[in-house]
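Taken from Swiss-Prot, the feature FAD binding site applies to Glu72, Lys73, Arg74, Gly75, His76, Phe77, Ala78, Trp79, His80, Gln91, Val157, Ser569, Leu570, Leu571, supported by similarity to another entry. Taken from Swiss-Prot, the feature substrate binding site covers Lys96, Asn328, Ser329, Ala330, Ala331, Asn359, Ser572. Annotation comment: Swiss-Prot describes Ala289, Gly290, Gln291, Ser292, Arg314, Asn359, Tyr360, Ser361 as NADP(+) binding site, evidence class similarity to another entry. The annotation region 'Disordered' is assigned in Swiss-Prot to 512-547, 585-611. Taken from Swiss-Prot, the feature compositional bias 'Low complexity' applies to 520-536, 596-611. Look at Swiss-Prot and you will find 537-547 tagged as compositional bias 'Polar residues'.
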Amino acid sequence: MSAPTLDVESPLAASTSSLRAMNMVSSHTTVAKDEIYDLLGIGFGPAHLALSISLRESSEANETNFKAHFLEKRGHFAWHPALLLPGSQLQVSPLKDLVTLRDPASTYSFYNYLHSHGRLARYINKEQGVPSRREWTSYLAWAARRMNQAVSYGQDVISIEPLALASASPDAKQDTVAVRPASAQEADSLCLYQVRIRDESTGHIVNRYARNLSVAVGGVPKLPPAFQAAWDEQQRAPHSIPRLVHSGFYIPSMLKLEPELHKAASLRHPDAAAQLDDSSRLRLAVIGAGQSSTEMFMNLHSRFPSAIVTMIFRASALVPSDDTGFVNSAAFDPERTDEFWQASETQRRKWLQEFKRTNYSVVRTDLLNELHDAMYDKYEVQLPEELQDPTEKQAGRMEMRRCTEVVEVTPLDDGIQLTMRDNLRNAKLETIRFDAVFLGTGFIRSPSKMRFLEQLKPFYPALDAEWMSRDTIAEEDEVSKSIDVEDEEVIERRREMLRGITRDYRLVPASAMQSDAVRSGKSSPGSGSDASSTSSQQTLASENSTENLPEASLYVLGGNEATHGLSDSLLSIVAHRAGELTTSLLQRLPRTRRGTASSAATQPAASTVASAAKTSPTVSVTQTKARQAAQVVNDKLAALSGLHLDATS
């Protein structure tokens, strides 16, 4: 099978139009059609790596010459490199790799990686049922190397400008297309994105054009409120020694910080043979009670055995993660995404709260037991002095401050001062100086935090944090009570409008937000079917646009926990979702190109999605009946003016 066009675009060569259009489009400009990508993916972690493989293995993508490429800011592939600590284990089954849930026969599976490296039998003989994080990183890097032609590294996306057709009737026979800057008031005419990219090695800036964008760039550090000002101050001095370290930067930060801490320790205690007291020891704090906090806690004790390392958290105890079969199935199986999507907001919130124990502020049981046993043996079991190893007298300690909250953070020249409230002792306040503080407080994965999407905020309400935080419980609950098989298309439309995103991860444009019709299930005054036709263009899979340049779509991955479930940012779903995205992208090709492909999607991803559709009316309508149903939906919306969409209407 020949590879689709995504495999011939590396490295990104500066094309004629790219060099000609170094700045954002100020008026009309022309773009060569052969320079337009069907998809540009921003970020190249597991989510987009899985998608690139799915596209390569898709027969339909080959037949239609689907042109895709991915951009990664780092100079090479990496997966959570900041916490690649010795002994750290993967927290998910290795069968939830890049491909297996989409196509178990793919050569990009974890087990084929082991086989190709001649160690499948040795892996089977391992006692641990999951690979180390080190081995999983090696697997991902192996797959990424095989996809090298699909990605350009060292490419920083600066901004994205939405473009519209300059002519209402473009000439399909021309090799170029005329475009102009799009207006948020006419987002339904948005047909292209201009992506401005800086090459990190040369500083050169080029523009690329794409019909579809997919964003999967991970998250930004989530900081407790008390730490925000100190963090911001430190960020303004990027070349200084970091005393406040988030887990997302742990190993790179330690390259600077560790020598400084060892130097400070030797200055305080120049005589290595003398007895150490607490005033001479390094003091290090770890904030949080989850997996990353625990790993940093143990690693810091290993790096600085004579230091006092304190773990500070609000909970009563460290809690094990629930990775039992029933819970894993209920929270992370692929079909749960459909179940979650179709549920009301009230039900989705309950599920998120219920299944937090699988992923948030929890620790793998084996690591938890290892830590508990080490602390018990070291601090509870006392040997007679004559039997003690001489180094024990110099040893530091690990300690935990549970039920404790940090209320004030004061940066110092050589450390951080924390004021803490001890909720076990009548909210008593205590202030302690630490040489460094480490935050295992998680990440924020909202697309509203991505600066390069700033120009698109007027076009997509879901990019606005305030819009996303509005209360829609009543409207969502009304939708869930209104479900009628006959009107499933209408119900699906309302879900998309309320959430600002579709089931297949496309953001809903502002022009589709007919607020009266969306929020009450009514057509707005004077709207009728014409008003809702704009909505139908933007949602489901309908295309009321030119044959050669359908409407542009923005896919967002990893920031949709509230609408698609806990697995959205996790490895559990990447393979299956890659198949869904492949199907969605191919369905949105121009009609003239779709006609060149065989009628059936022959890749396993398509069959996987089709299988899911049998149990999900939403997926079935979205992926197989949307275009035929669009006009029917519009007629229904008009006919239902003034009526709620319930079974008795």
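Backbone N, Cα and C atoms are what each Cβ position is placed from, and that goes for glycine too.
Where Swiss-Prot records a feature, it is marked here on the structure.
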residue: Lys96; record: substrate binding site; Cβ neighbours (10 Å): 21
residue: Ala289; record: NADP(+) binding site; Cβ neighbours (10 Å): 25
residue: Gly290; record: NADP(+) binding site; Cβ neighbours (10 Å): 21
residue: Ser292; record: NADP(+) binding site; Cβ neighbours (10 Å): 25
residue: Arg314; record: NADP(+) binding site; Cβ neighbours (10 Å): 17
residue: Ser329; record: substrate binding site; Cβ neighbours (10 Å): 11
residue: Ala331; record: substrate binding site; Cβ neighbours (10 Å): 24
residue: Ser361; record: NADP(+) binding site; Cβ neighbours (10 Å): 20
residue: Leu570; record: FAD binding site; Cβ neighbours (10 Å): 20
residue: Ser572; record: substrate binding site; Cβ neighbours (10 Å): 26
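Around the Cβ of Asn328 (substrate binding site), a 10 Å sphere holds 18 further Cβ atoms from the protein chains shown. A separation of roughly 16 Å, to the nearest angstrom, links the Cα atoms of Asn359 (substrate binding site) and His80 (FAD binding site). Of the residues the record lists as binding FAD, namely Glu72, Lys73, Arg74, Gly75, His76, Phe77, Ala78, Trp79, His80, Gln91, Val157, Ser569, Leu570, Leu571, the two whose Cα atoms sit farthest apart are 31 Å from each other. Each of the binding-site residues His76, His80 was scored by other CB atoms within 10 A of its CB, and the lowest score goes to His76. Using the Cβ center of Lys96, Asn328, Ser329, Ala330, Ala331, Asn359, Ser572 for substrate, the list of other same-chain residues with Cβ within 8 Å runs, in sequence order, Asp323, Val327, Phe332, Asp333, Arg336, Phe355, Thr358, Leu566, Ser567. Geometry remark: Val157 (FAD binding site) versus Ser572 (substrate binding site), CA distance 27 Å. Secondary structure at Glu72 (FAD binding site), as computed by DSSP, is strand. Of all the binding-site residues listed here (Val157, Ala330), it is Ala330 whose C-beta has the fewest other C-beta atoms within 10 angstroms. A Cα-Cα distance of 19 Å separates Ala330 (substrate binding site) from Ser361 (NADP(+) binding site). A Cα-Cα distance of 33 Å separates Glu72 (FAD binding site) from Ser329 (substrate binding site). Rounded to a whole number, the distance between the Cα atoms of His80 (FAD binding site) and Gln291 (NADP(+) binding site) is 13 Å. For Tyr360 (NADP(+) binding site), the same-chain residues 6+ apart in sequence whose C-beta sits under 8 angstroms from its C-beta are Gly290, Gly442. In terms of C-alpha distance, the listed binding-site residues Ala289, Asn328, Ser329, Ser361, Ser572 place Ser572 closest to His76 (FAD binding site). Lys96 (substrate binding site) and Leu570 (FAD binding site) are 10 Å apart (CA-CA, integer value). Considering only the binding-site residues Arg74, Ala78, Lys96, Ala331, Ala289 (NADP(+) binding site) has Ala331 as its nearest partner by CA-CA distance. Under the DSSP three-state reduction, Leu570 (FAD binding site) is assigned to coil, being neither helix nor strand.
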